[in-house]
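Structure record follows, encoded as structure tokens.
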Amino acid sequence: MQLKLTLFSALAALAAAQDVSKIPDCSLNCFVDNFPLSGCKDLVDFKCSCAAPKAYQDAMANCIVGHCDNDGIVATVNWVSATCASVGVPWP
């Protein structure tokens, strides 16, 4: 729970870069739970997480597919793509 509060606080600080309110609820826990696999030091270091290892990307994909319906999956992919583009890191 503390990690989620930290994530929300940090994400709020970066709202100008990308509208974090558009992260679907179904995928939010995927970002938090799989964060250790990213190798990043900060939950909102999107430049790092967008370039994270394949193990992180695979874990995220599996989690999102397992927790979101089709609309949630599409919304999450769109959010990630836009966020990564906003920090100059192409996302597969």
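Glycine too: its Cβ is placed from the backbone N, Cα and C atoms.
Summarising the annotation, TrEMBL assigns signal peptide to 1-17. What TrEMBL records for 1-92 is domain 'CFEM'. TrEMBL lists Asp45 with the feature heme binding site.
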Item to complete: Kindly state the mean pLDDT of the domain 'CFEM' (1-92) in the predicted structure.
Response: 82
Worksheet item: For Asp45 (heme binding site), what is the secondary structure by DSSP, using just helix, strand and coil?
Response: coil
